[in-house]
Amino acid sequence: GGWGKTTLAKMVYNDQGVQQHFQLKMWHCVSDNFDAIALLKSIIELATNGSRDLPDTIELLQKKLEQVIGKKRFMLVLDDVWDEDERKWEDVLKPLLCSVGGPGSVIVVTTRSQKVASIMQTLGTLKLACLSEQDSWKLFAQKAYGNDVEQNQAELVGIGKRIANKCRGLPLALKTMGGLLSSKQKVQEWKAIEERNIRDTVTGKDEIMSILKLSYIHLSSEMKQCFAFLAVFPKGCLMYKEELIQLWMANGFIQEKGTMDLILRGESI
């Protein structure tokens, strides 16, 4: 996790040339729910821009899928696929999804699993690598210092480079740590974060989680409450800023500060 698979897919998905090329574009966050009926319902809803009263059988959903997609050239992104059951893809979903759409339709899959990639691929897989030391520092510095790296104390820059190296070139880790440090102004605050146990000996999910946990520990109690509240939403859920701030306010998670009202406080979080 945190290598930038979803970020790269989003850049492709939102590219102007891609926008113009495909008549229909759909994005579905799969995660651990690769149920065929649920997936087909989601694709139909995405294709029609709204929820509908849909049947619960594969046969009827297939007919509906043919109606809403027809011969349109489509791009479908299946993000974060985990299910390694080959039969589910080969026997059910592949025949359905590949039977609709016009020539040039594309299905893009992001996954952490090489087995998933092998099962679903028709073209070669694109494996992402960690960022180089130079690119790692550039990303970290952009988040931690903004555009004024040279204006910062030399000591802060030195600490920042050591912290960036501990992130091992993982983009999510670099962005998270850089964002955390951007709110810290004192050298001792930076040193305290540097001295925390960012694991140097683990890889993969544990490595990312140790860094994300570290960033969470250093949030204010108010921000921790607001962040933890997001767990009530399903993964991949589209959240609107205004509605989220209203929910934070309703639950008493944010308080007025000076002359700043609650909505502005929520936006600052």
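Glycine too: its Cβ is placed from the backbone N, Cα and C atoms.
All TrEMBL annotations are machine predictions without curation.
The domain 'NB-ARC' feature in TrEMBL is assigned to 1-148. Across the residues of the domain 'NB-ARC' (1-148), the predicted structure has a mean pLDDT of 89.
Sequence-distant contacts of the domain 'Disease resistance protein winged helix' (232-266), counting only residues of its own chain at least 6 positions beyond either end whose CB sits under 8 Å from a CB of the stretch, comprise 28-29, 31, 79-80, 222, 225-226. Annotated domain 'Disease resistance protein winged helix' per TrEMBL: 232-266, in sequence order.
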Tally of residues which DSSP labels helix, strand or coil - the domain 'Disease resistance protein winged helix' (232-266): 16 helix, 2 strand, 17 coil
DSSP residue counts for the domain 'NB-ARC' (1-148), split into helix, strand and coil: 72 helix, 22 strand, 54 coil
